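One structure below.
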Amino acid sequence: MELTEPVNLIKSVFVCNTFNFLFAAAKSCLFPFLTLYLRLLGLTATETGIIIGAKTISAFIFAPLWALCSAKFRKRRLVLMFSIFMMALTYLGLTLVMNVNHAATACPGDIPPGNMKGTLKELLHNIKTNRTDIQPTKTQLQLNQTGDITSLMKTSKSPLQPTDLPMTTTEKEKKVNKIFDYGRKLLIELGLSKAEVDGLSNSDMIGLFQDMLTQKNWQTTIRQSLSPEEMEEFFTFLDQAVDAISKGEIKVGKKITKRSLKDTWQNIKTNLKSLKTAWTVKITEAEVEGQIFLILLLTLVFGEVFASPVEKIADDAWFEFLEKIDNLEKYGKQRIFTSLAFIIFPIIVTLIVDNTTCLFSLRMHPISLHFYMFGGFLGLTFLVAFFYPTSNSEKRKYKTKITHALNLTFCKCEGLFYILTLLIVGAIYASYNNFLFWLIEDLHGKELTMGLCVSIANLAEIPMLFFSGPLVRKLGNGMAVCLSMTFLAGRTLFYSYLWTPWAVLPAEMTHAFTHTIMWYAVLSNPVFSSNPTVDRGVRSVFSSIYFGVGFSGGSILSGIVYDHYGVNILFRACAVIAIAWCPIFVIMNRCCARPSVSEIKYTRLLTSEDVNSDSDDDWLEHALKTG
């Protein structure tokens, strides 16, 4: 809406709040879980960190450029809607990458490696419960019911059972013993203990492998669980076992798994052929993953060039709109709706994902639901953007005070140390933002736990909004920052000793101290506070350092540390850095503190060049009260 028309403030506030709520809902459905998708595609932590860091740098560079150009050419709404469209195109396009990676197209019905041991034990229990006798034949081997393959190989002259017939040659005995030796070794690799494997008879082992290979989901499981050498042994075992059974060297009951002998072993041969085909694909898996990495990197970096300015343009437009109608006290209240969306929708989307198998009865991984809900809310945001209040008048009162903000932050000792602090905190924030959910996944946690993490962290911010002011005034800005860093160190240290997924939830409540208190202490510092326009410029500089430079650098470094030393070392290193910076910050903050020369801030007495002369008395009174 143009300001030449009568302004309907209630309608404008409603549109702004709705826009922020829907846009935050879209982000909350996907962005916190994006690294899970990258891991599902087979990317390493280093590759994930590089992708997240690169896309953050892209947004850091191009968001302010687009915002500046859109304001200069008075095309804010057009650029805003174009950016929303490009964001949808970029992130929904990532779902196409699923088609080149088998893991991303597997359904939860396919047994993941983490659950393999329990499922294998269930099959083992069923085999032992429904154990059938070995059918005697003239060429049948002696089947040692103790399953002790070592003792069987030590003596080839074991006493025969009444139903057993002697071997024709020792070579045949060695051949069959070797087959079962392969089988026992593979079962240990697949998760059974040595004691459990030693307790298997040869017939039990045949039945167990038979049941495994006639379940389609075991193809993916075995392929993902065995090394190249182990996979070759697996092929050898199956080939030789099928050959020995077909020749009558090993004879089993026809109803060992309630299927006919012919059909059962024909299925095994079919599965073997399928596994060999899959293994041929797996040989080139490194090349495929390298291509996936490049595709994702280029897609996200290029997409962020056009998608990044959505929040910046919307925030600038709303501030200028309120500034023109002299109603700036409403600025900032729209962020409440952003927090509300981040409280509600992560729980909803993760609850649905956890209770969904193949999405819409198709061979689609439920993680696709994150993308589709993101696209749905972003589509609604696009529609609301048609009516978003903007100020495109040629004569603008508001002028960006970014130069003044840079002087306040970079050209003063105190400001420089706040910059360094936000740089460190931003890097640590990137570490747990990117890889905490990987840790929860390793602990076999559900996505609902991850959704609760996001919701609880944002919910904890709301009460702290009321207590931040009194707490910072009591402690002082410097000590409040130090308190926040201490909580951050404790939070990351707790992550490194996480023993169960649900234990992470209490730690998320400290987000109120590690984030809300930190930002209030920084932005309320008298050094950076003079008037609303300059305050906003300072916020932009600090946000760029925290969410731009710090987050991107932290993403790359944390990915490297994760791959080389593990997630526990990563979080402990973050804790050490945070707690070590506290005394340095306190000492330097005291050394750089300005001498108190006057209780009145004379910068507040200098009326802005854009302020109407009718409000001079109010401006002076406000400066004296806040001085």
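Using N, Cα and C of the backbone, Cβ positions are placed for all residues, glycine too.
Keep in mind that TrEMBL annotations are predicted by a computer and have not been checked by a curator.
Positions annotated as transmembrane segment by TrEMBL: 12-38 (among others).
Marked as domain 'Major facilitator superfamily associated' by TrEMBL: 19-573.
Here TrEMBL flags 50-71 (among others) as transmembrane segment.
Among the features that TrEMBL reports, transmembrane segment is placed at 78-98 (among others). Tertiary proximity for the transmembrane segment (78-98) is limited to same-chain residues at least six positions away from its ends with a CB under 8 Å from its CB atoms, namely 23, 30, 37, 41, 66, 69-70, 104-105, 292, 295-296, 299-300, 302-304, 306-310, 313-314, 317, 364-365, 368, 371, 374-375, 378-379, 381-382, 385-386, 388, 390.
Distant neighbours of the transmembrane segment (335-353): 17-18, 20-25, 27-29, 32-33, 366-367, 369-370, 373, 377, 446-448, 450-452, 454-455, 458-459, 461-462; these residues of the same chain sit at least 6 beyond its ends, with a Cβ under 8 Å from one of its Cβ atoms. Residues annotated as transmembrane segment in TrEMBL: 335-353 (among others).
Look at TrEMBL and you will find 369-388 (among others) tagged as transmembrane segment.
Only residues 6 or more beyond the boundaries of the transmembrane segment (409-429), in the same chain, are considered here, and those with a CB under 8 A from a CB of the stretch are 481, 484-485, 488, 492, 514-515, 518, 522, 525, 527-528, 538, 541-542, 545-551, 553-554, 557-558, 574, 577-578, 581, 585, 588-589, 591-594. The transmembrane segment annotation in TrEMBL covers 409-429 (among others).
Remote same-chain residues near the transmembrane segment (449-467) are listed as 28, 32-33, 36, 339, 342-344, 346-351, 436-437, 440, 501-502, 504-505, 508-513, 515-517 (criterion: CB distance under 8 Å, separation of at least six residues from the stretch ends). Annotation source TrEMBL lists transmembrane segment at 449-467 (among others).
If you look at the transmembrane segment (479-499), the same-chain residues 6 or more away from its ends with a CB under 8 A from one of its CBs are 418, 421, 425, 428, 431-432, 436, 439-440, 443, 471-472, 507, 510, 513-515, 517-518, 520-522, 567-572, 574-576, 578-579, 581-582, 585-586, 589. What TrEMBL lists as transmembrane segment is 479-499 (among others).
Taken from TrEMBL, the feature transmembrane segment covers 541-562 (among others).
Residues annotated as transmembrane segment in TrEMBL: 569-588 (among others).
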Under 8 Å, at least three CB pairs between the transmembrane segment (541-562) and the transmembrane segment (50-71) (pairs 6 or more apart)?
yes
